[in-house]
């Protein structure tokens, strides 16, 4: 079958031909319709330090997709041939304390589709049936293909009560923008997003944020005054992994504020811990999606009117995958979809 693989330990990604994956007793085989390029895939393409330590070569990559079940393992129940599905990209062990305690997303033995095992940038993908999620008929393929990153946004944004709260989102990548849109949709008062990328900030405006702030040109405290804010942000969503952004967030949070961290900062990031202690801030780390509560919330949010369509800015047939990666690497895009049909 046709697949996009990391064939060499150097920058790039290559179209290749690989065997169709084998189906296990508890697996489903999915014929891929559409995939989306993740920031992780860009890291793998660029072959940065994280990728060099993490990604086996050669391997099919990719983990954002929508497809149709074409084969079912003999032990599988609850799925049928023809079901339209996406899937949770974190394969968990099922036997550790967190898995057995219902906290599956915290499995210490997690394996990532397209990161530690073959991914979805291929004509067919095999995953455990446990990880498959049926997509409601009224959700189009394009949106279903980005459920994985949308789930990161939902998990992060819905970590805390948002109704009537003022929210700061640092980092206007696709996940940050979707998180900001979720906050507005569920009833936050002011949702302010910060970045230095004008293209992404304009995209955030299309998604309904209160203010999109280019911190290289505007002062965040001036924006807060403009909005009539006197006590700081109630909720912070750190999506950038940029130390200056997190330090600014800490300084502009209200006392008792709550912060969810999805962005991955450098391991030696220095912050003013006095801000955390004397403001009584609560900081929560976010990894992946809660299985499977986040997935049901994703579907329900879209069915209740959350419009994510502006975040999908480019679509290419799979044979033009290089254009997709080039536009993603430029930073001048939202989500990029690759069509396998």
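Using N, Cα and C of the backbone, Cβ positions are placed for all residues, glycine too.
The shown structure was predicted, so the numbers you read here are calculated from the model rather than taken from an experiment.
Straight from Swiss-Prot, the features:
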ACT_SITE  40  active site, charge relay system
ACT_SITE  43  active site, charge relay system
BINDING   38, 63, 64  Zn(2+) 1 binding site
BINDING   93, 96, 99, 107  Zn(2+) 2 binding site
BINDING   175, 195, 200, 262, 263, 264, 286, 287  NAD(+) binding site
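What Swiss-Prot annotates, mapped onto the structure for a quick look.
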| residue | record | DSSP class |
| --- | --- | --- |
| 43 | active site, charge relay system | helix |
| 63 | Zn(2+) 1 binding site | coil |
| 93 | Zn(2+) 2 binding site | coil |
| 99 | Zn(2+) 2 binding site | helix |
| 107 | Zn(2+) 2 binding site | coil |
| 200 | NAD(+) binding site | helix |
| 262 | NAD(+) binding site | coil |
| 286 | NAD(+) binding site | coil |
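Taking all protein chains in view, 26 other C-beta atoms sit within 10 angstroms of the C-beta of residue 38 (Zn(2+) 1 binding site). A straight line from the CA of residue 264 (NAD(+) binding site) to the CA of residue 40 (active site, charge relay system) spans 12 Å.
Put simply, of the recorded positions 43, 63, 175, 262, 287, the one whose Cα is nearest the Cα of residue 93 (Zn(2+) 2 binding site) is 287.
Rounded to a whole number, the distance between the Cα atoms of residue 107 (Zn(2+) 2 binding site) and residue 287 (NAD(+) binding site) is 11 Å. Residue 43 (active site, charge relay system) has 262 as its nearest neighbour among the binding-site residues 96, 107, 195, 262, going by CA to CA distance. Put simply, 40 is the one of the recorded positions 40, 96, 99, 107 whose Cα lies nearest to the Cα of residue 200 (NAD(+) binding site).
The shortest Cα-Cα distance between residue 175 (NAD(+) binding site) and any of the binding-site residues 38, 64, 96, 99 is the one to 38.
In this view, residue 262 (NAD(+) binding site) is surrounded by 25 other Cβ atoms within 10 Å of its Cβ, with every protein chain counted.
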